[in-house]
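> Just passing along the structure, written as structure tokens.
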Amino acid sequence: MSAASGATLRAVSKHVRRVSLRVVSLAGGGPTEHAIKLEDDPSDPEEHNQTPPQAQPLPAAFSQSRLRGKTLGIFGPDSPIRLAVFHMMIWRWTEPIILLLIFANAIILTIQSGRSVFTHPRPNGYFNEWEDYALFVLFILFTLEILARVIVSGLLVDPELPFSTIRKNLVTLRRHPHLRPDPLSYPSTTSLTQGMESGVLHDKYPPPRTHHALSKPKSASGKRGWSKDFFGVTEAPFQEAVAKQRSLSEQGRPYLRHSWNRVDFIAVVSFWIMFALSITGHESTPSAHIYIFRALSVLRVSRLLAVTSGTATIMRSLKIAGPLLVRVAYFVLFAMILFSIVGVQSFQGSYRRNCVLQADGQDFLNITQTCGGHIDPTTMTKVGFLDINGINADTAKGFICPLGQLCKESSTNPNTNLESFDNILFAALQVVIVASANGWSPVMYNMMDAEYFISCFFFIICLLILNFWLINLFVAVITNTFSAIRAETQTSAFGAGTAGPILDEQDEGWSIIDGKHIRSTSALLKWYEYVSFTWVVLALVSLAFQASRAADSTDDYKKMLDDVEFYLTIAFDVEIVWRIAGHFPDWRSFKSKTHNNLDLVLAIGSSIVQIPAIHRSRVYPWFTIFQLARFYRVILFVPRMRPLLLQVFGNMRGLVNMSLFLLLTNFLGALITVQLFRGDIQSTVNMNFAQVYSGFLAMYQVFSSENWTDVLYGTSQAEVPFKQAPIAILLVSGWFLFANFILLQMFIAVINENFEVAEEQKRAQQVQAYIRQTEPASTGVNWIDRWNPYRFMRANPKAIVVDNLPSNLILPMNKSVVRDQRVVNQSNTTQTASAFAIGGEVSSSMQGFTMMLRRFFATDPETEAVPLTALKGLRRESVAPGDLPEHDETERHLEVLAAVNTEAHIDEDHDATAEQRAQRADFIAAHPTYDKTFWVFSQKHKLRKLCQKLVIPSNGDRIFGTPPSFVLQAFFQLIILLAVVGGIIVAAIATPIYRRQYYMQHGFMRSSWFDIAEVTFGFVLVVEFLVKILADGFIFTPNAYLLSIWNVVDFLILIALLVNVGSTLAVIGGISRLTRSLKAFRALRLITLFGWMRNTFHSVIFAGAARIFDAAVLAILYMIPYAVWGLNIFSGLLLSCNDGNRIGKSDCVNEYINTPLDSSNVNLGFLAPRVWANPTQGTVYSFDTFRASLLILFEIVSLEGWINVMAAATGITGLDSQPVLNSAQVNSIFFLAYNLLGAVVILTLFVSIIIGNFSSRSGMALLTSEQRQWIDLQKLLNRQTPSKRPKVRPTSRYRSWCFDRAVHKHGWWSRLMTIMYCLHIIALTSETFDNFTWLRNVVFLFLTCVYFIDLIIRVYGLGWSFLLNGWNLFDVFVVMGSFATTLPVVFGSDGYVMQQLQKLFLVCIAFKLVQKFNSLNQLFKTAVASLPAIVQLLLLWFALFVFFAIAMVEVFALTRLGSQETHNANYQSFGKALVMLAFMCTGEGWNAYMHNYAVVYPACTPSSAKDPDSDCGSIEWAFFLFIFWNVLSMYIFVNMFTGVVVENFSYVFSLTGPTSVTREEMRAFKKVWAEFDPGRTGYITRSKFVAFFGKLSGNFEVSIYPSEFRVPNIINASQLPEGITPDKHLKSLDSRKLNSVLNKIDPVAIRKRRMLYNRLYHEALISEEDRKGISFNNMLLLLAHYKLIDDDEALRVDELLLRRTTIDYVTDRMNLDRVRSLLRMIYHRRKYLALREEQSREDIPAIVVDDPPSTPPLFASQPIIHTPASLRVETSSNSSQRPSLDQTLASESNPSTPARRHTRRISDISMLSADFTYSPSPRNSISGGDTTQVLTSMSNSIWGEMMLQAAEEEDDDHA
């Protein structure tokens, strides 16, 4: 064997070992475990050089020494059997062998299920085929493998852990839940059994992080994050399971302690159960099939999900996101249960009613039409349905069966009793279908037919809350979690390594070699670059010629197309040879470029398919993909497509890995379902699971959600006779929920990764964005200003005669400067002035109503945040000078600092705005007529002034005009709103059908009430238009009407309305559909009237519109070559005969009997002509022309109808032959590939773009993970409120007991109430169609009495504070309502209203569980926090609903109903149109309705002179309106909800971050707050700060010494043992223990804690609000800055600058306090020394020598500032005669103040700030342990003067 062959074999064997270790993981580790380097192969010398030092494997002897205890109670560490098995397990080829066995298992299962069950029936028993023998042997080996693992490491219990220890640990965790590990704080879910893997609570993962007070939390980017543990070595991801399995072997981890081992165990045990059942003949009987164990045995193959490093990485990412996904799933499940309960209460038994056709008084045929009544043949009136007993219901409702039919109630429901709301299980299934947003419209319309039209609101609200809102939480969790993984690991969460882009935006050749662009200098390549555009044109020509092909093309034309393609192939072959020659002799550089390799493959493939044998074969159309793929050059040539492709496919490895993971998961599901359903479903069903490929298609159909209910009902109905229906429902529904809400959302995360900014670039881009914002706004010249005639006129200012005019008074002015002065935040000066001006003219109630109107219309602009310059001016102006003397003194000292350290803060943007305003004023003064509307009305004209009071200017402020009136403007806008609403109501009532009936009754007339209303509405809008142009002009004025984009929209709406009204008056009924449809534009005025709606519309449509348009263009460009490919493959092959009994086109002639109602009853049939045509199931489609092909591909890219098209394609049998079901399943590959790349990638592209638009607009796109966590934490803290409890605990016995029950959240009473609420929900879910209602009501009455008792206890215990909590008010409402309604119902009241109210209150009580469970409560609060944004989006969407509803009604109200329309599903009325638009926004059947409303003559009756109305539709209008609505709603607005939810729910992810705050910690904080805020004011004053800080604990602890080093704890830890005599000095303390405890104190840490405490205290002082103190939320945010986050990492640029300014201010206060403390120390020290000296000289005569006068220092002239009174000390009686330093300083600065009045207590500030040795301040604060250095540094500053003054005062005292 050669050396090369040997190296190749070693590489292959090594790769097999790596895959086997990742997949098999003998030691218990699975695909989700850590990554460690593969053990070196001694025979491979290269591997020894490549092994990193940190990944060296442990020796086998060491591993053997870790065999602990007795496994299974038998095999000890020295057992020969255990040792032999252990050595076999660690043999290097064991895992590869098991890997091959798993592959063999998958292959055998695929072969076994690959044959169709209809040609090879499923045999009973076992050992019928060779696959049975093979599987039997495999599972024997798998069983031995499990036995070997159990012998080595144990089964469940740790070998060394006695049972008593296990029981003790479990009891401890049960009694102390706070010790239970929180799964959300861990990188993966950790159960209790996983926590005891080594005999004690396992330390695999560290406990949940709590921030120790000694240090601030570090940023995630600077430490090893939890996700890093899961990703390990990115260079070799296939090694990830190896070291984990080794370490687990060494630890002896029991077998069932790992999730993947449990899956294997279930698979193997299930196989042997299945084997026993099949051998005994019990697995398959005529009445029951027990195939569940056969299906579970397939789970052994699930290990192959980690077959590649990419799929293994995805599984690890899912494992990290798992805990949060589970929490969201619980929340969504709870919401689904509530909707299911409401559904049972409202709709039970409704689906049992159907119209029955009668003949001769007997039931002849049950028509599948739900109903609520029928026509009485005797009275010819509507009567209610007949119940099961034959009694008519009281009222008729819903659909009324026509004459000759009866509406009868049966004993069964549709779809073999599965489609119903008769109990909670079936109702939950219907709720899941509604939440899926696919297949829900038939459920809704059937219920509307059975009940009332208003029933649709239940389904629409369910869809909005579940699908549009709550289910998008899964997107939020996945995108944020995977984004955090990428941020921490610097690698993609979908690939093992850092994935580079496949394209380079700046390099035409896409080549990147070692990070450098390679440029060729070859002459051939230079010539090629000159003609490179030619090949783009040729690629376009090639596609154009192929697109011209059609099913009816002649043979000559097809021959010409083949010739053209042959010559084009030669041309591209020449091109590729040219490029290869251009790279000669460095041919490797040619291969280094991606597009070269792609073009080479396409050239070779296109040339091969031109071989005559291939060209004439049936597979040639499939190979045309090589020719069509050249179109990528055209796509890249289109402007803006290259950067978009870079973003979409920048992480191509991630997309490939995700697609592979999806296909593997789908294949695993297919193997399971085929084993379960194979042979039970009839062959006439499309997805019949006859073999594995049809199972794969069925599971993919469920994944795509298109008609997934067909698979659900098809499998469940087929399994009803075999008692496997519940398993079928759970399996299909579970797969749908996982695939659609998890897997599909992961594609969004993949593409979203490419739209995200790299973590290392975010900071730099934030700074750049901040600089752009702070720079003066540049003004541009718009098109109106560009054509402004005044720019070209000579200035003609008004002359003013003034004597002695200064020469420099008039400034030069550039007359050409006329700029668009749009200022987003308009000045409030004029509006505020007008408000005050009118304040005395109106009453306070009128002002309140006016303010409500202005807030409603969002008229007033938002005030901007506090500028940075305001912090330096933090003052308490409202505080009298004598109230807080210490504060005043401090402020005066800080003013001195400001004088020394001056900082100029200039608001350049404000200056630029003022300069622009001045230029406008100068220009207006230079052109007097410029500011006159119509050159007539000046600013002083009364009419113009009145108009200006009514409207807001269009372009900034009115410089010389009248500001809008505070009241008149609001009321004028209210009048316009009422007029718009009135116009919409008129349009909703006066539909074409109503007008037709009105004219038939009253004759054609122009004075109808709706015409008068239309004229009135138009008159109001014209008046508004005139008022606006009179106030500010139309075009060439400073604030012209057209300068506002919204005025332009209003102007267009006005024109449309005038055309509509004018055409209606000119021609009764309107001229055409176009003029009638213009009536819809009035709805758009709802958008322009409201400021918040305009902003939302701007965010949806305008902001990011270019990116949305780019995505649409990319989608179309993607569809074009696919449409041509489909044309080549399926052209002319989809035609079939409507008579299914024909064999082809030749015998599809004459007529046949069509039996649509009952195929078995010929008597109900009728003759119909046979037609050979393209299929029309659901919609009309074909691939016969390029236009038809492109249209159907556009339709199915929305995932609507693609199953029907694929079913038609898979039934192709040949040209002019009748299709046969599933005869050509290979054709499905075309649709699978298109759906995966088109529908999945393109749709998720729109979602990602809209999420990116939201993130960019809100600034979230540039935020780092720490910054996002801080924003999320702010939202959490701002939502908190102080506890609403009584000021003091009651003292009376009974009330104190009630108080304790009310405030203890985890007490026995609270747990009892939680149990009651759970029982309440169980009682609600027990309701069925025919159960004991009275007994259930008695249970509800008992529970309501318990709730009433709980209510009384809380009211009595809490007193009036009970009413301060919103949940308590909710309890009062629902409990009293439930009691008041349940009591009459129990005692016989059967009123409909009373029963419905009782159900409402009972369901509301169930909502109390949200308050009881922390996870539900947190998610509920986040949902409420995002509610305003969602409501605003809904209202904007509703305005567009109104617009399209009016347009659809005006265009299609008279169109005949097609196959899809019913009496409710049509556009004949405004309400029905709204419901139609509601379900079509989810993509439900929109294309089928589009084709139905495109009906034209001869399929309809055209208009005529006798009857101008027509029941025809319109192809143009149908395609335009339906496609426009589909794109606007499904692609944009529905995804907007995803963007809103992701942005507002993003902090669900941060619950596991370092900034997390648990609910218990918040309760502890509120409890401490309540002690210091007994009045529940929400504020704490400064006098309580010290005590308050000392009480905090947990994450909020800020005390200087930790709790273990506090005096009581030190004393307790230093007690002498019993029996030892205590020391007389130390008493009962042990000196050695005391020294040991004191030695543990870290001085550096204590110094840091003291500094943190000082800063916190001083910042709390400056955060006070007037005299109130600091608020609850401000205190939480302040503590978060010091305890939970790192400001440098978590704050944005503007926030960081603001924060640093605050820190500077705090530092100044601390420096001041340090100096004063130092001066006080110097003073008292000198005083003390002087006193000692006097005492020592009492007996010695003193000789006094007077010193000559000293010369004052140079800086003595500086004024001495005041010392705060709070820093003055109380002097003793001995020193009362001697003035203190404070007194001296005060008397020096204020001589009139008596010296002795300034005796005060020692301040808290001085006591807190006596340490000078540590200061992390960014400013020049005084620090250092050397006092000399401190004094030296201070002597050079202004503090030196204060020290000198103190020394002089000291000398004066001695003198």
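Each Cβ is built from the backbone N, Cα and C atoms, and glycine gets one as well.
Caution: TrEMBL annotation is automatic and unverified by curators.
Pulled these features from TrEMBL for this protein:
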type	residues	note
COMPBIAS	34-49	compositional bias 'Basic and acidic residues'
COMPBIAS	50-60	compositional bias 'Low complexity'
COMPBIAS	1769-1793	compositional bias 'Polar residues'
DOMAIN	1560-1595	domain 'EF-hand'
REGION	32-60	region 'Disordered'
REGION	1768-1802	region 'Disordered'
TRANSMEM	97-113	transmembrane segment
TRANSMEM	133-157	transmembrane segment
TRANSMEM	288-312	transmembrane segment
TRANSMEM	324-344	transmembrane segment
TRANSMEM	424-445	transmembrane segment
TRANSMEM	452-478	transmembrane segment
TRANSMEM	658-677	transmembrane segment
TRANSMEM	727-751	transmembrane segment
TRANSMEM	1012-1031	transmembrane segment
TRANSMEM	1229-1251	transmembrane segment
TRANSMEM	1308-1326	transmembrane segment
TRANSMEM	1369-1387	transmembrane segment
> If you count every Cβ pair below 8 Å, which range out of 133-157, 452-478, 658-677, 1369-1387 shares the most with the transmembrane segment (288-312)?
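Comparing 133-157, 452-478, 658-677, 1369-1387 against the transmembrane segment (288-312), the winner is 658-677.
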> What counts of helix, strand and coil residues does DSSP assign across the domain 'EF-hand' (1560-1595)?
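When I sort the residues of the domain 'EF-hand' (1560-1595) into the three classes, I find 25 helix, 2 strand, 9 coil.
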> Are there residues at least 6 beyond the ends of the transmembrane segment (727-751) whose Cβ is under 8 Å from a Cβ of it, and what are they?
292, 314, 318, 325, 418, 429, 432, 436, 471, 474-475, 478-479, 482-483, 493-494, 647-648, 651, 654-655, 658, 661-662, 665-666, 669, 672-673, 676-677, 699, 702-703, 705, 708, 711-712, 715-716, 718-719, 1240-1241, 1244-1245, 1247-1248, 1251, 1538
> If I count Cβ-Cβ pairs under 8 A between the transmembrane segment (97-113) and each of 424-445, 452-478, 658-677, 1229-1251, 1308-1326, which range comes out on top?
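Ranked by Cβ pairs under 8 Å, first place goes to 658-677.
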> Is the transmembrane segment (1229-1251) packed against any residues at least 6 beyond its ends, judged by a Cβ distance under 8 Å, and which are they?
475, 479, 648, 655, 659, 662, 697, 700, 704, 744, 747-748, 750-752, 754-755, 1104, 1107-1108, 1111, 1114-1115, 1118-1119, 1122, 1125-1126, 1129-1130, 1193, 1196-1199, 1202, 1205-1206, 1209, 1531-1532, 1535-1536, 1538-1539, 1542-1543
> Can you give me the average pLDDT across the domain 'EF-hand' (1560-1595), rounded to a whole number?
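Within the domain 'EF-hand' (1560-1595), the model's average pLDDT equals 86.
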